[in-house]
Structures are given as C-alpha cells and as structure tokens.
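Accompanying notes for the structure given below.
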Amino acid sequence: MVTIAAIIYEPGNSIKNKTGTWRTFRPILDNEKCVKCENCYIFCPEGAIQEDENGNFKIDYDYCKGCLICMNECPVNAITKVREEK
C-alpha cells in the first residue's frame, strides 16, 4: 500500500498550464497487457495517469509531458512510445 501523500494522485500542479504540448513522444498504454501494478500512476510526476471506473488506467494527454517515466517503470512493457506529430 502506498501512502497517498507520497504521490500526485490527480493533475493539478500545472492546471493553469497544460503541459501536454511539450511532448516529443507520446506514451501509449495497452490495458490488455497491464497487470494493474499502479507503477505508472505512482511515478507520473504530473499525475496525468488516472484509473477509470473499470479499473483501467488512462493517460490525460493535456498534462502528460512525455517524460516516459511511466514506460520505464512498467514491469510488463504495457506502455510504448510514439513520436508526437506536430
């Protein structure tokens, strides 16, 4: 169990400045491969990954900076990257 105070659990530290336009790479989460370990949710520095009502994780691309920490922390490679198109 992770202490809630140890993570950003929702977008908000950049709420007035949507940081999604900074990306070079976009992380793509494959919920078929996901084992629900919550690493992506825990390690996202922007709180841009949220769990939906079905228990699947979704990336809020308005706030995702494309740092790919989520991809690096995923133990089952359920997150891949694609180059962002301008």
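Cβ atoms here come from the backbone N, Cα and C positions, even for glycine.
Copied over from Swiss-Prot:
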- CYS34, CYS37, CYS40, CYS74: [4Fe-4S] cluster 1 binding site (BINDING)
- CYS44, CYS64, CYS67, CYS70: [4Fe-4S] cluster 2 binding site (BINDING)
- 25-54: domain '4Fe-4S ferredoxin-type 1' (DOMAIN)
- 55-84: domain '4Fe-4S ferredoxin-type 2' (DOMAIN)
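Note: the [4Fe-4S] cluster 1 site is recorded as CYS34, CYS37, CYS40, CYS74; in the same chain, LEU29, VAL35, LYS36, GLU38, ASN39, TYR41, PHE57, CYS70, GLU73, PRO75, VAL76, ALA78, ILE79 also have Cβ atoms within 8 Å of that site's Cβ centroid. Residues 11, 14, 18-20, 22-49 of the same chain lie 6+ residues outside the domain '4Fe-4S ferredoxin-type 2' (55-84) yet bring a C-beta within less than 8 angstroms of a C-beta in it. Across the structure, CYS74 ([4Fe-4S] cluster 1 binding site) and CYS44 ([4Fe-4S] cluster 2 binding site) place their CA atoms 11 angstrom apart.
Within the set of binding-site residues (CYS37, CYS40, CYS64, CYS70), the lowest number of other Cβ atoms found within 10 Å of a Cβ is recorded at CYS37. Taking the Cβ of CYS34 ([4Fe-4S] cluster 1 binding site) as reference, residues of its chain lying under 8 Å away and at least six apart in sequence are, in sequence order, ASN56, PHE57, VAL76, ALA78. Taking the domain '4Fe-4S ferredoxin-type 1' (25-54) as a whole, pLDDT averages 95 in the prediction.
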